[in-house]
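Quick look at what TrEMBL lists:
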- 69-88: transmembrane segment (TRANSMEM)
- 211-351: domain 'CHRD' (DOMAIN)
- 353-485: domain 'CHRD' (DOMAIN)
- 488-602: domain 'CHRD' (DOMAIN)
- 606-728: domain 'CHRD' (DOMAIN)
- 757-819: domain 'VWFC' (DOMAIN)
- 954-1035: domain 'VWFC' (DOMAIN)
Amino acid sequence: MANKLRKSSGIEWATATGTVPLLERSCCHSEDAQMEPQACRTTTSHRVPATREQSPILRHLSQRSQRSHLSHLLIIIAGLLIVCLAGVTEGRRHAPLMFEESDTGRRSNRPAVTECQFGKVLRELGSTWYADLGPPFGVMYCIKCECVAIPKKRRIVARVQCRNIKNECPPAKCDDPISLPGKCCKTCPGDRNDTDVALDVPVPNEEEERNMKHYAALLTGRTSYFLKGEEMKSMYTTYNPQNVVATARFLFHKKNLYYSFYTSSRIGRPRAIQFVDDAGVILEEHQLETTLAGTLSVYQNATGKICGVWRRVPRDYKRILRDDRLHVVLLWGNKQQAELALAGKVAKYTALQTELFSSLLEAPLPDGKTDPQLAGAGGTAIVSTSSGAASSMHLTLVFNGVFGAEEYADAALSVKIELAERKEVIFDEIPRVRKPSAEINVLELSSPISIQNLRLMSRGKLLLTVESKKYPHLRIQGHIVTRASCEIFQTLLAPHSAESSTKSSGLAWVYLNTDGSLAYNIETEHVNTRDRPNISLIEEQGKRKAKLEDLTPSFNFNQAIGSVEKLGPKVLESLYAGELGVNVATEHETSLIRGRLVPRPVADARDSAEPILLKRQEHTQDAQNPHAVGMAWMSIDNECNLHYEVTLNGVPAQDLQLYLEEKPIEAIGAPVTRKLLEEFNGSYLEGFFLSMPSAELIKLEMSVCYLEVHAKHSKQLLLRGKLKSTKVPGHCFPVYTDNNVPVPGDHNDNHLVNGETKCFHSGRFYNESEQWRSAQDACQMCACLRGQSNCEVIKCPALKCKATEQLLQREGECCPSCVPKKEAADYSAQSSPATNASDLLQQRRGCRLGEQFHPAGASWHPFLPPNGFDTCTTCSCDPLTLEIRCPRLVCPPLQCSEKLAYRPDKKACCKICPEGKQSSSNGHKAAPNNPNVLQDQAMQRSPSHSAEEVLANGGCKVVNKVYENGQEWHPILMSHGEQKCIKCRCKDSKVNCDRKRCSRSTCQQQTRVTSKRRLFEKPDAAAPAIDECCSTQCRRSRRHHKRQPHHQQRSSS
């Protein structure tokens, strides 16, 4: 029992006789836990950041403890401790775990997790905190939580463990200690010493992070030695017949480890990346996109790189990284790929700080097969250049596998750089390696190089070869290309003078391809093409601005998209140094707007197709933000999390709010939903929204979405931008199955009408119960009912005009009306009548009923949804007074009994008598003459008789009302009104009242009608009406039948 309660994450305490659960989930009892084990597991909320929610611990408190106050909870715990620990001679040093987080709510595509999620807050591995239960409890200072590492199948998984620390408080040194707010342990009055248990809060070491910024790794068959051990063979496949190799670059920035990979072209994209320690324990694992068309990332498809980030690296793992004990593993294998694993050590190299070019060195495959002596061989090159007065090159080689079997020391190598097209050798040296290694060898070389050769290098034309001097067939080689790091360069385009009166703004972002070409994307706002704008790539060095490339030919409307094919080495160095910018000039201004390109690593939000421009709105422009502009990136990662990055310029320092606005389409009256993503201040924001619901994720791709920046205190909209199509991974879409078949009678709250229900018709949205005339057919009236548009052709009333009037149907009107003959003659004599309904309505007088206009003298049937047009009522607009009258149709008196009369169709206004059942005109009365008799609609009443005559003929008197003999009526109660389900009858001066009884067949019919209407959410014209009396009686009968088994069970027990 104790183990079962511990698995259900209940709060437990150890006693002398066993385990006593104090607080546990109400569902986790013996029977319920067996029937529904999933319901007893702990799940945590993945939402970030906005309103405060209850933490996972509060979900594990019983309903009684949730309603009680914190003081009552502590009293119960203390009382039980005293009773249970009465026979204990020695207590524990630490209390047992009160709560342990389960990972059942985690997504399956991230099996290794290095951080804990407690409610909406992410906690670093090894950190501790006090449990925040949310209102009304607040922070529980006696419940200490910790994010601990749990080994699980050679993986490290983070878990939240919470325990009560009240017993760890030191004893007070006074007789009357007091409890201070925000403290768990009692202290003596005036005691300044803190007696609380200290929390282990990670303190960032900025100097340490500054020194551990750049890392690299070489992944070959020989560096994957530890994957071939006995314990690792079952987990990894290292068979590599194609001699696939890879190289990686790492950037550690603000607790995040950004990674970039170049892989061999002999194999496709890997499916996963793992970070492991020396013992082979998986610390972190990232699943990669492996679609048939490649990744969804535009940048990764264009450059062939693999990009990503390990967010919030724990400090224990930072120590492993700093000590060069971290390994990275690439995994291949799916339906189109064979299984393969490559690993390499992540190490620090000084040359990475100035790297401009990279190279991946592979063993050649002349006949499609690798030389057995080169199995597992490979390398990478870190190239730095300088194009000053004396241009030079620095080469750092990391390689293996090019040494002969007997070369144990002082092995000679041949390192060549040549132009492969002309077979022209540019660089050739013969260095020596003192102690060759089978795993990693590092060699550094420097040499002067001409500007022409640097230009060839920047365009990917040079081939680097490393081979053994003694055994030339032991050779690895690869082209020198732009550096392997995943990075883009971005900037906001804005006026650089505060006095500028222009409204122009824009953004620009560029990146380098492997062949050295520069792909650029520029977007502008309020840049008039009539001013002949000139867009150029400039180099900014202090006040000097040199124009490098003209980008104007690719400018079209408000965008300039293209590439610069022949990029010089000087431009490349300026780009990496942050000295390159984009300038937009006009005929009148040499610099209308401009910005300097800043490098940013590609991952998460910046891995989307393109950024969006956040612009000022015309109605929100003010003097404080004349040149405010922003740029935003947004993407969905492989774990279905939303990532966003916002960069602002020209916005004064204040508290800001970032909102995501969604609407189904751009239409008038469209329903709008806003979600607060985060509150921030400053000009830069990078955030995320964990595990966004699938129904909301799909809206980012299918709906119209905007990103808005608001001022928090003034609630003013500062910037707004429309999202481009945000790609969502396929496994993040909502799951719909064919088994979701609606059952008649099944009540679902999602089918209820709410305040946001709207109808889309004729290009715009209408609110629930709103009426309008169809834009597609002016002679149709429409109404919004339960989110569905119901339209009906206008029914014209039958008119009988007076002798002085004439029936006339004007152009633009749906129904004719009676107008004076003179007016009809004048209308016919007009040479150019109004051509449309709107012109006609403006020229003539009329009446307005609701939102509809009716000309003077017009007649119409009112439109009353959901029943449609009421043909029993005819409204008219008086041509003189413009007064609206809506009298109902007066039916002729029936010539038969009320029980025999019927309606010829459902919408007939008056009942008629069956043929042959009409009464003769000999004075037989067809209906009582009392005015209170229930007769047909608007039936004419016969002359009334006196009360004495009615009573003398067998009538009845009830509460000062006289009813004729044979008359039926519904009684009226002062507190409840008319009782339509009870019918009273006067028979020979006696009153008998009976409640309407419903048969079983009637109840079954009522259930079918109700279920059908719930299913289709709109009334069916052919369906029978629902009898409210039978509906209530049938529900009461069903409740009675439901209680019967329970009563029988109790009686049998």
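The backbone N, Cα and C atoms fix where each Cβ goes, and this holds for glycine too.
Helix, strand and coil residue tallies for the domain 'CHRD' (211-351), in that order: 21 helix, 59 strand, 61 coil [DSSP]. Across the domain 'CHRD' (488-602), the DSSP tally of helix, strand and coil residues reads 14 helix, 60 strand, 41 coil. With DSSP classes pooled into helix, strand and coil, the tally for the domain 'CHRD' (353-485) is 13 helix, 64 strand, 56 coil. Across the domain 'CHRD' (606-728), the prediction's mean pLDDT works out to 88.
DSSP states for the domain 'VWFC' (757-819), grouped as helix (H, G, I), strand (E, B) and coil, give 0 helix, 30 strand, 33 coil.
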